[in-house]
Amino acid sequence: MEATGRGLFPNKPTLPAGPRKRGPLLPAAPPPPSPSSLPLDSLLLHLTAPAPAPAPAPRRSHQTPTPPHSFLSPDAQVLVLAISSHPLPTLAAFLASRRDELLRADITSLLKALELSGHWEWALALLRWAGKEGAADASALEMVVRALGREGQHDAVCALLDETPLPPGSRLDVRAYTTVLHALSRAGRYERALELFAELRRQGVAPTLVTYNVVLDVYGRMGRSWPRIVALLDEMRAAGVEPDGFTASTVIAACCRDGLVDEAVAFFEDLKARGHAPCVVTYNALLQVFGKAGNYTEALRVLGEMEQNGCQPDAVTYNELAGTYARAGFFEEAARCLDTMASKGLLPNAFTYNTVMTAYGNVGKVDEALALFDQMKKTGFVPNVNTYNLVLGMLGKKSRFTVMLEMLGEMSRSGCTPNRVTWNTMLAVCGKRGMEDYVTRVLEGMRSCGVELSRDTYNTLIAAYGRCGSRTNAFKMYNEMTSAGFTPCITTYNALLNVLSRQGDWSTAQSIVSKMRTKGFKPNEQSYSLLLQCYAKGGNVAGIAAIENEVYGSGAVFPSWVILRTLVIANFKCRRLDGMETAFQEVKARGYNPDLVIFNSMLSIYAKNGMYSKATEVFDSIKRSGLSPDLITYNSLMDMYAKCSESWEAEKILNQLKCSQTMKPDVVSYNTVINGFCKQGLVKEAQRVLSEMVADGMAPCAVTYHTLVGGYSSLEMFSEAREVIGYMVQHGLKPMELTYRRVVESYCRAKRFEEARGFLSEVSETDLDFDKKALEAYIEDAQFGR
C-alpha cells in the first residue's frame, strides 16, 4: 500500500525518509532470549564427571570375639577366627575349601559368633554358602536377617529373602519377619511385604505391635490405603494390641501423604478419647498434615495445644512450623523459627535451613536464600546433596546459570555426588518453552550415567515437557512410566494437570481429577490450583465459580494461600472483578501476606476498570508491605492514568523508569502511554513518544502501530492512518484484522463509505491472507442501515 497525504513520517526522526538514504531506523522487535543462554554442555560436564574418590571411611575393627564365646568349642572358635580374618572377595573359595569341617559344625552358632563380633558381611557370606549346600535352617536365616536389620542393610535383606527360601514346613520368628517387612517397605516392595504379612498370619505367627506399625507404614507409603489402615487398626485392637505413639504418627503421616486432613484429625481426636496422651512425635505428624494442606492457622492451634499439654516442641516441631510458614508465603516467620530454636536451646539441622531457604525461594528472594546457605556453612553445617539440589533449583528458576555452575563445582569439590534428584532438578530447569531438546539431552545424559529413572523422575519429565509446550512428550512419559511398573501418585496427576493448564483443556483436566478420586486420591491445593488455571486459560467461568463455591460455601476446599492466590489470578484472566475482590479480601481476612503477583493483578483490574482510588490504594499497600514495585506494577499504574485521561501523569512514570538504574521500560510501557495520548486525541504527543521510543532503542511492535492507526482514524486523519499501515507492511509487521476494522469503522462513522471500500481493495492487494468479506458486509450495514 502506498502512503498518501502530506508525508507524515519523513519529517519525523523516528522514520527514514527513504531506503536510498539510509536503512530502516525501526528494526523488527528483538527476538526473545535464546535458550542457548543455558550452558547445558557445562552443566552436563559437571553432572557426568566422576566424583573425587572420598576418603576411605573408617571401618569398625573386627577382632577376635572377646571374651571367648563359651557356647563355641575351641575348634569352632578357631574356625570363626579363620573366616573373619579372610578377605571377603575370596571368602566363598575359602569356605568351599573347608566344606567338610563347616558341614560338621553348627552353622547357626558360627553365624551368631560372627554377628556378635561385628562381622555381619562374613555372616551373610557364610549363610549364602550354607544355603547352597542345604545346610541353612530357619534359625540361621533369622540370625542373619536380624543382623542385617540392625545394620540398616534393607536391600541385602530383600535379596536374601529372594535367594534363600525357607525349607518347607519351617518359619521365621516374628522378630525376623518384622525385620524383613521393614526392609521390603524401605525398598519400595510393598506388595511383596503384604504377601509376607499374609503368609505370617497363615502360619499362625502373632504380629507384635512393631509388626503392625511396620505394616501400617507399608500402607502409608503405598498410598490410597485408608480403608485398609482402618481395618488393620481394628484388627490390632481386637487382638489386644494397643496403638502407641509410633502407631499414631505412622497413621497420621499416611493421611498427610494422601491429603486426608479430616481423617487425620478424626484419628487424632479418637486417640485422645481413648485415653492416649499424644507425644511430641504425634503432634509433629499432625503439624505436618496441616502444614502441607496450607492451613497455618490450624498448625498454630496444634502448636498451642501441644505446649498447653506440657509437650515441649523439639527441633522437628520447628522444622514443620517453618515449612508451614513457607507454604503459606510467610518467609519472615519461617526465618524467625531459627531464632526461636536458638532461644530454646534447640540446634537447627540441615532440614531446618533447607526449609527456610525454600521459604525465601517461594517468594523469589534467592539472594536471601544464598546468604542463609553461606550462614549455614559458617556455623559448621556441611551442606548435603539435598541442600545443593534445593539451591540449584532456585537458581535455575531465576536463570542464574553462572552461579549454578559455580554451585555444581563447589558440590563436586566437597565430594558431594549428584544424585537422581540433582538430575531431576536439571530436568526441571530445562522445562521452559523452546527448550524441549534440552530436556531430552539431560534425560539422555542421565541414562548414559546409569541413573535409573524413578517415579519422581517421570513426574519431573511430565511437568518439564508440559512447560516446554510439548503435550505429546509429556503424555509419552506418563505412558512410559506406567509401562515401567510405576504407579501414578498425586504428584503425577498434578504434573498432567500442569500440562493441560497451559492449554486450557479443562475438559480433560476434569477427567484427570475424576480419575484421581477413582484411584483413591484426594486432590490437594495444587490440584485445585491447576484446575483453576485450566478454567482460566479456557475461559470457563462456570468452572471457576464451582470451585469458589467449594472454597467459600461448602468448605470442601480449604482456602489456603495457594488456592486464594490462584483465584485472584484466574478471575483476573477472565476479567471477573467481583471474583478477584472476594479472593483478595479473603487473603487479607485470613492473615495471609499478598505477594506482588496478587497486588499487581488487583492494581491492573482496577486500572482497566478506571477505578482510580482503589488502584491508588493497592499501590500504597504495595509500598506499606515492604515489597518493591516491579515493571508490571508501573505499567498497570500508567494504564490507570491513561484510562483516566491523565496521559501526562503516565508519561511522568515512563520518564522515571527511563532514568532508573534498576528497571527500564519495555514495549508495553511505551504502548500504554501512546495509547493514552491517542485516546485523548493527542496524536502528535503519541507520535512524539513513538519517536523517543525508537531513539531509546526500543523497537515498536504491531500493537504500537495499531494504537497509532486507531488514534489517527478516530480524528479522521485517514491519510496518516493509511501511511502508518503502509509503513508497517514495508517493515515486515503484519497489521491485525482489528487494525483494518478500526479504519473502516472510522470511515463509516464519517459517512465516507466509498473511501472505506477503496481502502479494503488496497488492503486485499497487499495482504493476501486478509478476507475482506466481513468488513464489506459491515460497510453495507452501516450505509444502508441493515
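Quick reminder: no glycine exception, Cβ is built from N, Cα and C everywhere.
Annotation comment: Swiss-Prot describes 27-36 as compositional bias 'Pro residues'. Marked as compositional bias 'Low complexity' by Swiss-Prot: 37-50. The feature region 'Disordered' is assigned by Swiss-Prot to 1-71. If you look up Swiss-Prot, you'll see 137-167 marked as repeat 'PPR 1'. The feature repeat 'PPR 3' is assigned by Swiss-Prot to 208-243, with sequence analysis given as support. Sequence annotations record features per position, and here Swiss-Prot assigns repeat 'PPR 4' to 244-278. What Swiss-Prot lists as repeat 'PPR 5' is 279-313. The repeat 'PPR 6' feature in Swiss-Prot is assigned to 314-348; the stated evidence is sequence analysis. Per Swiss-Prot, the feature repeat 'PPR 7' maps to 349-383; the stated evidence is sequence analysis. Among the features that Swiss-Prot reports, repeat 'PPR 8' is placed at 384-418, with the record citing sequence analysis. Annotated repeat 'PPR 10' per Swiss-Prot: 454-488, in sequence order, evidence recorded as sequence analysis. Positions annotated as repeat 'PPR 11' by Swiss-Prot, on the basis of sequence analysis: 489-523. Annotated repeat 'PPR 16' per Swiss-Prot: 666-700, in sequence order. Residues or ranges marked as repeat 'PPR 17' by Swiss-Prot: 701-735. The feature repeat 'PPR 18' is assigned by Swiss-Prot to 736-770, with sequence analysis given as support. Positions annotated as transit peptide by Swiss-Prot: 1-95.
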Same-chain residues near the repeat 'PPR 4' (244-278), Cβ under 8 Å, at least 6 residues beyond its ends: 209, 212-213, 216-217, 219-221, 223-226, 229, 233, 236, 284-286, 288-290, 292-293, 295, 306, 309, 311, 490, 520-524, 558
Helix-strand-coil residue split for the repeat 'PPR 4' (244-278), DSSP-based: 27 helix, 0 strand, 8 coil
Outside the repeat 'PPR 11' (489-523), six or more residues from its ends: residues with CB under 8 Å to it: 223-226, 258-260, 455-456, 458-460, 462-463, 465-467, 469, 471, 474-475, 478, 481, 530-531, 533-540, 543
Same-chain residues near the repeat 'PPR 5' (279-313), Cβ under 8 Å, at least 6 residues beyond its ends: 245-246, 248-249, 252-253, 255-256, 259, 261, 264-265, 268, 271, 320-321, 323-325, 327-328, 330, 344, 524-525, 558, 560-563, 590-591
Beyond the flanks of the repeat 'PPR 18' (736-770) by at least 6 residues, Cβ under 8 Å: 1, 702, 705-706, 709-710, 713-714, 716, 718, 721-722, 725, 729, 776, 778-779, 782-783
Summary of DSSP states over the repeat 'PPR 11' (489-523), given as helix, strand and coil counts: 25 helix, 0 strand, 10 coil
